[in-house]
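Visitor: Structure provided below as structure tokens; questions to follow.
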Amino acid sequence: MSSSTLEGQETASHHSKNSPSRHGDDGGLQTAGDEYVYIADHYGMVRRMIFIMTVCSSMFTNQLGLCNSLSTLEEIGESFGVTDPGKLSWTISGYGLTLGTFILIGGRLGDEFGNKAIFVIGMGWLALTSMMAGVSVYAGYPVYILARVLQGLGPALTVPNALAIMGKCFSEHPRNMGFAWFAASAPVGAMAGLLFGPLFTMAWWPWIYWSQALGVAFVFALSIVAIPNMPAESEQKQRRTILEILERIDLLGGACGVTALVLFNFAWNQSLVATWKEPYVYVCLILSFLFLAAFFYVELRVARHPILPVAVLTSDIAFVFGCTAAGWSTFGIWLFYVIRICLNIGGQTPIQMAAWLSPILVTGIGTALIVGKIITKVPASSIMLFAMLCYFITSLLMALRPVHSIYWTYFFFATIIATFAMDSSLPAATIIFANAVPRQYQGMGSSVIMTIVVYSISLGLGFAGTIELQINNGGHTKADLLHGYRGTLWFSVGLTAFGTVLALIFLLKDLRRRKLARTQVEEEKGHSSEA
């Protein structure tokens, strides 16, 4: 196998029909009669680096798209004549809405039609919608928000399939480090968005998205040749009827789930614009619960290939869902409202905010790589508690921070600690999920957790925005604005306190389970020695 060329149509060889699960959890098993060859294990250094960079670009572009508008909301809104904070927040929450809602479906489409194909389609879609977001300057704010919402579909297709590609192409040890680099690309993408967003705005804000479109178009072309076909893809292309395809991708369950998530999120975020006095807002909320009930019924009673294994969800998964949602929703609140405080009250500039947040670049990469090394040696429940404590400390520091305090006190330490929280909670949650479900469902762990992560960020902003509007007295003065911002940060403190308690309970439960397991092993050894 040549390691010096990038032949996209190169396919891994294998001796059976048993390929790894979606994220490679079972891919490391080899027997004499059933051997799976990991194609990327045989790559040379240059080819391997290009492959990893291409796959990790999905997380990079995901975070880039989320953060490139964070500190430029006011400038973008001003060009459209929009100053309402509720309408401006749709720039972020709209992107997160579609991303969080469609990740599971993106993973299922990759299972059915090929991970590489869906990855490439996702990159192409992201490039086109990024161009649309820039061109919307000539069309109006609704078109801009529509473009942002459609942008979220791109990472929803690329992120889960990037994880699948990594899992199928690498054996266990290089796979773990590949996942670590995947996580490390998140702070790099976030930092790029925070830095280049304001820089391009100094020229003209549409260049934020036009430059993104050009970069993603390059990755689109590179992914065609840099990513090999998965060995199972030829098998997935066998002829199936339309009904069989729809059944395998769980179209009915997916439609009910997506509708429920979209309506629930829309109700909370649109309430910032129209308030709860508008009938259509709370009608959407009621309908979301009805569709959610329909989703659970379909997954439990109807679907032969459920998109989410509702029947096997346990208390362990409930704990990890609660911790993940609490932590990452506060991350969205913290990032959005701390930037608003600094820009609108503290007088800092967007470029200055990029400099203040720059430590996430170093600590993010370092934490991700360290966690990649220790994740198999330290109980995931302990790592989750550590992450939730970091979330809590970060939220508390930012809620207590005086507006005009120097950078090296509250802000610097909160930024460092927040990075520890993010890069340790995600792998811990994925492992806990994988350990809590039957083996055939372990491969979807990353997709499920990413769904919780991204959807929580978007929904958390909706909750926080409701609190802000209720207590800021209209936001006519800086004091009123600050009061509303502070309220959202204290809300994040409460969320992280709740998540920390959940993580502590789960840790105690896990320690008790481990103790019982050790006792049982010792008793079995004693019985066997007596025999």
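Any Cβ shown, glycine's included, is placed from N, Cα and C.
Okay, so Swiss-Prot annotates it like this:
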- 1-27: region 'Disordered' (REGION)
- 1-11: compositional bias 'Polar residues' (COMPBIAS)
- 86-106: transmembrane segment (TRANSMEM)
- 117-137: transmembrane segment (TRANSMEM)
- 145-165: transmembrane segment (TRANSMEM)
- 179-199: transmembrane segment (TRANSMEM)
- 207-227: transmembrane segment (TRANSMEM)
- 249-269: transmembrane segment (TRANSMEM)
- 319-339: transmembrane segment (TRANSMEM)
- 351-371: transmembrane segment (TRANSMEM)
- 380-400: transmembrane segment (TRANSMEM)
- 402-422: transmembrane segment (TRANSMEM)
- 447-467: transmembrane segment (TRANSMEM)
- 488-508: transmembrane segment (TRANSMEM)
Visitor: Same chain only, please: residues at least 6 beyond the ends of the transmembrane segment (86-106) with a C-beta under 8 Å from a C-beta of the stretch. Say none if there are none.
Guide: 62, 65-66, 69-70, 73-74, 76-77, 118, 122, 141, 144-145, 148-153, 155-161, 249, 254, 257-258, 261-262, 265-266, 269, 272-273, 307-308, 332, 336, 444, 447-448, 450-458, 461-462, 465, 469
Visitor: By a Cβ-Cβ criterion of under 8 Å, what residues six or more beyond either terminus of the transmembrane segment (117-137) are in contact with it?
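Guide: Distal contacts: 57-58, 61, 65, 79, 106, 109-110, 143-144, 146-148, 150-151, 153-158, 161-162, 165, 205-210, 212-213, 216-217, 219-220, 223-224, 227, 233.
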Visitor: Under an 8 Å Cβ to Cβ limit, what residues of the same chain, 6 or more beyond the ends of the transmembrane segment (351-371), are close to it?
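Guide: The answer is 71, 177, 180-181, 183-184, 186-188, 190-191, 194-195, 198-199, 339, 342-343, 383, 407, 411-412, 415-416, 418-420, 422-424, 427.
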Visitor: Is the transmembrane segment (447-467) in contact with the transmembrane segment (380-400), using three or more Cβ pairs under 8 angstroms as the rule and ignoring pairs under 6 apart in sequence?
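Guide: With fewer than 3 qualifying Cβ pairs, these stretches do not touch.
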Visitor: Rank 179-199, 249-269, 319-339, 402-422, 488-508 by Cβ pairs under 8 Å to the transmembrane segment (447-467) and hand me the top one.
Guide: 319-339
Visitor: Cβ under 8 Å to the transmembrane segment (319-339), counting only same-chain residues 6 or more beyond its ends: which ones?
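Guide: Non-local partners: 67, 70-71, 89, 92, 96, 353, 384, 387-388, 391, 394-395, 398, 411, 414, 418, 421-422, 425, 429, 432-433, 436, 449, 452-454, 456-461, 463-464, 468, 485, 488-489, 491-492, 495-496, 498-499, 502-503, 505-506, 509.
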Visitor: Against the transmembrane segment (179-199), which of these stretches has the most C-beta pairs under 8 Å: 249-269, 402-422, 488-508?
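Guide: Ranked by Cβ pairs under 8 Å, first place goes to 402-422.
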Visitor: For the transmembrane segment (488-508), could you work out the same-chain residues 6 or more beyond its ends whose Cβ comes under 8 Å from its Cβ atoms?
Guide: 316, 319-320, 322-323, 325-327, 329-330, 333-334, 337-338, 379, 381-382, 384-385, 387-389, 391-392, 394-396, 398-399, 432, 460, 463-465, 467-468
